[in-house]
Amino acid sequence: EIPFGPVCKVPFNPNCSMILNVSQFCYPGRENFIHLCNPHLEKMKEDILYHFALGTGTHDFPALFGDVKFVCVGGSPSRMKAFITYIAEELGLGSPGCDYPNICAGTDRYAMYKVGPVLSVSHGMGIPSISIMLHELIKLLYHAKCSNITIIRIGTSGGIGLEPGSVVITRQSVDATFKPQFEQVILGKTVIRSTNLDEQLAKELMQCSKEINQFNTVIGNTMCTLDFYEGQGRLDGAICLYNEEEKLQYLKEAYDSGVRNIEMESSVFAAMCNLSGVKAAVVCVTLLNRLEGDQISSSHDVLVEYQQRPQKLVGYFIKKSLGKV
């Protein structure tokens with residue numbers, strides 16, 4: 001008998017060469033459940049998701065989340081609430097002016113909203129913040145016995161060689177040296193993990209953008225950095241020990257390597273989704289062209305409209321997936 005959500009029992013490998021390809025743990029012809037690469041969880045009587053203010057001893061995860069098929073994550077709590085309001089209207093599951101409660105109201109770390117098969121979760125800013133959220137989100141989906149999940153990060157970014165307002169669907173997340181990898185130190189050892197994203201999902205999202213035909217969309221690599229200022233080659237931070245020529249040379253090298261935008265979460269997002277056997281994508285709008293400047297100068301109204309573009313694209317994708325287009 002095949003258990004739901006198998007726990008990965010592959011021995012620890014500092015380079016993770018044994019567990020980069022989660023397909024080896026999939027069951028052909030079966031539903032695709034969440035894979036937890038942590039055998040220690042089997043020994044726990046209760047799992048407390050501290051930063052969500054949820055726990056298996058206090059909440060019925062299958063009843064609350066068992067029907068989830070799409071998870072959308074983004075940095076801002078208000079943006080993710082706006083998304084759940086938007087998708088509820090698009091799917092015909094909400095009414096004008098309807099309010100959606102924050103499932104994680106018991107904490108101020110993250111916000112979570114749900115309507116029908118869609119879960120919307122904030123992740124804060126940067127790799128550490130989204131990493132914590134993903135650990136607990138993946139366990140939540142596992143405990144809820146969810147299957148065939150699609151997780152999409154929607155957000156904003158700095159573009160390279162693109163007009164502001166362009167949407168980038170990420171092919172690979174690369175580090176600041178343009179390598180498609182996520183590097184983390186675990187128990188004093190450097191672990192390298194793959195940051196490839198689902199190619200078929202990226203193509204499906206691109207087709208959706210063509211059908212919408214409202215804004216420019218490209219598939220390209222996304223550079224994930226550890227910092228908004230020096231890490232992204234800006235000249236306007238509190239510290240900057242390089243000149244404009246060096247900055248432009250670096251950004252042009254990034255462009256030549258296939259990078260089309262820069263943000264701060266995609267690498268760990270891709271790595272963790274890969275290890276958990278989850279189909280994932282990153283869809284970010286560009287707020288400026290970094291080859292032309294460092295500061296965001298568009299008006300508030302323009303920026304609000306830009307930020308709605310990933311929501312529109314992903315919302316259309318969900319509707320199409322559910323046969324509502």
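The backbone N, Cα and C atoms fix where each Cβ goes, glycine too.
Per TrEMBL, the features are as follows:
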BINDING   Arg109, Arg153, Ile154, Gly155, Thr156  phosphate binding site
BINDING   Gln232, Arg234  substrate binding site
DOMAIN    69-318  domain 'Nucleoside phosphorylase'
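Between the candidate binding-site residues, Arg109, Arg153, Arg234, the densest Cβ environment within 10 Å is the one around Arg153.
The Cβ of Gly155 (phosphate binding site) lies under 8 Å from the Cβ of Gly74, Gly75, Glu263, Glu265, Val282, Val283, Cys284, Val285, Pro310, each of which sits 6+ residues away along the same chain. Taking the C-alpha positions, the distance from Arg234 (substrate binding site) to Arg153 (phosphate binding site) comes to 24 Å. Arg153 (phosphate binding site) sits 20 Å from Gln232 (substrate binding site), taking the C-alpha atoms as the reference points. Counting only the Cα atoms, the space from Thr156 (phosphate binding site) to Gln232 (substrate binding site) is about 14 angstrom. On the 0 to 100 pLDDT scale, the domain 'Nucleoside phosphorylase' (69-318) averages 97 in the predicted structure. Taking a C-beta cut-off of under 8 angstroms and a sequence separation of 6 or more, Gln232 (substrate binding site) has the following same-chain neighbours: Gly158, Thr225, Ile262, Arg290. The Cβ of Thr156 has fewer other Cβ atoms within 10 Å than any other of the binding-site residues Ile154, Thr156.
If you compare every pair of Cα atoms in Arg109, Arg153, Ile154, Gly155, Thr156, the residues listed for phosphate, the longest distance is 20 angstrom.
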